[in-house]
Amino acid sequence: MNNSVVTEFVLLGLTNTWELEIFFFFIFLLAYAAIVAGNFLIVVTVTFDSHLYSTPMYFLLGNLSFLDMCISTITTPKMVTDFLKENKTISLWGCMAQMFFLHFLGGSEMTLLIVMAVDRYIAICKPLHYTSIMNRRVLMGSVLLSWAVGFVHTMSQMVFTINLPFCGPNIVDDIFCDLPLVLKLACTETYVLELLVTADSGLLSFICFILLLISYTVILVTVRRRSSGGLSKALSTLSAHITVVTLFFGPIIFIYAWPFSSFSVDKFLSVFYSIITPLLNPIIYTLRNQEMKAAISRVKTKHTHRIKWY
């Protein structure tokens with residue numbers, strides 16, 4: 001890094017048109033406010049409602065919302081403020097930090113989604129053993145494991161990236177620092193490292209996505225064999241999980257593993273990953289979930305009574 005000439009990168013963003021930048025500024029500002037409000041509401045509700053906090057599915061959901069809120073916070077505020085700037089720059093170390101936390105949190109969320117799939121399998125296919133298997137110790141261990149996997153995932157790539165020399169072009173054609181695009185700007189051969197990133201992020205995401213779809217298929221087939229009436233209930237429960245899994249893994253697979261993905265497509269998929277997915281998650285899990293809405297009402301009523309008492 002001492003030999004690097006480049007001290008900052010230029011982010012091209014979504015557009016160069018001033019009118020569109022103002023439009024995107026207000027749209028993404030409102031979207032980010034909704035992301036923080038929606039996911040924070042889920043975290044607070046799960047934390048302060050004893051019933052949800054003791055339920056494994058909602059405990060994991062609270063952690064998922066926290067990760068979504070953090071992922072959006074890493075990219076969206078910078079992107080929103082850049083819409084008002086003519087020079088959209090980010091420091092070299094700021095870029096490195098952005099990539100580190102994106103892959104850290106993304107790897108953690110990837111693992112957490114697998115844990116949620118296992119939780120649904122045990123709840124639906126082994127209901128009599130559910131409470132003994134998914135106990136508090138297992139839940140805490142699963143969450144810690146997801147964070148550990150995310151840390152290993154990001155370190156396996158950033159430990160090589162952080163020492164690369166950057167002495168030439170410094171333009172990143174995206175809304176935030178994306179690892180494949182930044183690697184192409186290094187003043188050295190990065191072919192092997194690019195293959196590592198593709199294998200680490202792309203193939204890992206694709207394999208996890210396929211395994212999750214297989215696990216959900218096994219659950220539905222198992223329920224259908226046992227009871228035709230239970231199939232509709234299980235499908236209703238799993239539909240939210242399948243939707244979130246598809247929304248999360250879809251953009252990642254296209255960005256890192258799809259061979260025909262162009263930079264312009266990557267840019268809009270980056271928006272989808274940092275804005276759309278974190279925004280849809282609380283909508284999917286709250287507006288159609290009666291138990292969550294009831295818990296929000298309980299927490300609100302309890303908080304209101306405390307305010308009146310004081």
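Positions of Cβ are set from backbone N, Cα and C atoms, glycine also.
Automatic, uncurated: that is what TrEMBL annotation is.
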Annotated transmembrane segment segment (source TrEMBL; candidates 138-156, 157-175): 138-156
Between 0 and 100, where does the mean pLDDT of the domain 'G-protein coupled receptors family 1 profile' (38-285) sit? 83
Cβ-Cβ under 8 Å with the transmembrane segment (22-46): same-chain residues at least 6 beyond its ends: 14-15, 52-53, 58-59, 61-62, 65-66, 68-69, 72-73, 76-77, 79-80, 83-84, 275, 278-279, 281-283, 285-286, 292, 295-296, 299
